[in-house]
Amino acid sequence: MSLRAVVLTLFPEMFPGPLGHSIAGKALETGAWSIEAVDIRSFATDRHHTVDDSPFGGGAGMVMRPDVVDAAIAASWPGDGPLVYLTPRGRVLDQALVRELAQAPSLTLLCGRYEGVDQRVLDERGMLEISIGDYVLSGGEAAAQVLLDAVVRLLPGVVGKTESLEDESFERGLLEYPHYTRPAEWRGRTVPEVLTSGHHQKVSDWRQARSEEITQTRRPDLWARYVAARTSLDRGCGQ
């Protein structure tokens with residue numbers, strides 16, 4: 001069973017874009033997932049194809065109309081997966097949420113523009129609001145591509161080795177350890193000796209230690225959650 005992705009956007013020509021290349025692109029070719037870009041503007045009913053209007057209460061910018069957006073959703077939503085609105089105020093996308101979304105048979109993503117989308121259609125449709133970070137983009141298209149790339153990688157058979165996924169940043173609650181390849185010496189910099197020792201347990205221990213060190217230094221928020229989870233697990237095992 002493949003994932004069906006539907007993207008509601010004012011710029012359908014932006015898709016698949018980078019998703020048509022590399023891992024996600026190969027998965028498209030093999031049928032692991034599909035993508036349909038729906039032009040929201042085609043659901044406008046006036047001769048100017050108007051999709052936005054000025055906000056009630058005043059203020060800068062324009063707001064996407066609920067009637068137009070809802071018509072696009074009604075015509076395009078497969079009905080068996082979450083409706084997602086990409087917005088800076090949403091739940092922050094993390095690996096746990098990516099894993100959750102990867103279990104869905106379909107994902108319908110609404111890409112906002114201007115000042116955003118009329119709140120009424122978001123409430124009416126019970127949309128899941130997701131953010132890819134604490135910054136503002138010109139629209140939701142780039143965010144949709146980020147979300148889909150993260151999700152597609154977790155689909156069965158898309159990434160060759162399960163170990164590749166398990167070792168990545170965030171999968172174990174830690175940032176990923178450093179990687180090295182040939183040549184063994186480059187510009188006076190050598191590969192850590194333990195990695196060429198052939199001792200698998202020592203290599204594993206080194207990688208774990210580096211992951212912990214990097215996480216503690218660069219992402220103290222992740223480190224705190226990791227320590228709390230590990231402490232809770234240790235207590236549970238001791239009961």
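Note that Cβ sites are derived from N, Cα and C of the backbone, with glycine treated the same way.
Quick look at what Swiss-Prot lists:
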- G112, I132, G133, D134, Y135, V136, L137: S-adenosyl-L-methionine binding site (BINDING)
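Within the same chain, residues at least six positions away from V136 (S-adenosyl-L-methionine binding site) with a Cβ under 8 Å of its Cβ are P88. Across the residues annotated as binding S-adenosyl-L-methionine (G112, I132, G133, D134, Y135, V136, L137), the widest Cα-Cα separation comes to 16 Å. Looking only at the binding-site residues G112, G133, the densest Cβ neighbourhood within 10 Å occurs at G112. With all protein chains in the displayed structure included, the most crowded Cβ environment within 10 Å among the binding-site residues I132, L137 is that of I132.
Every protein chain considered, the tally of other Cβ atoms within 10 Å of the Cβ of D134 (S-adenosyl-L-methionine binding site) stands at 7. Neighbour count (other Cβ atoms within 10 Å of the Cβ, all protein chains): 7 for Y135 (S-adenosyl-L-methionine binding site).
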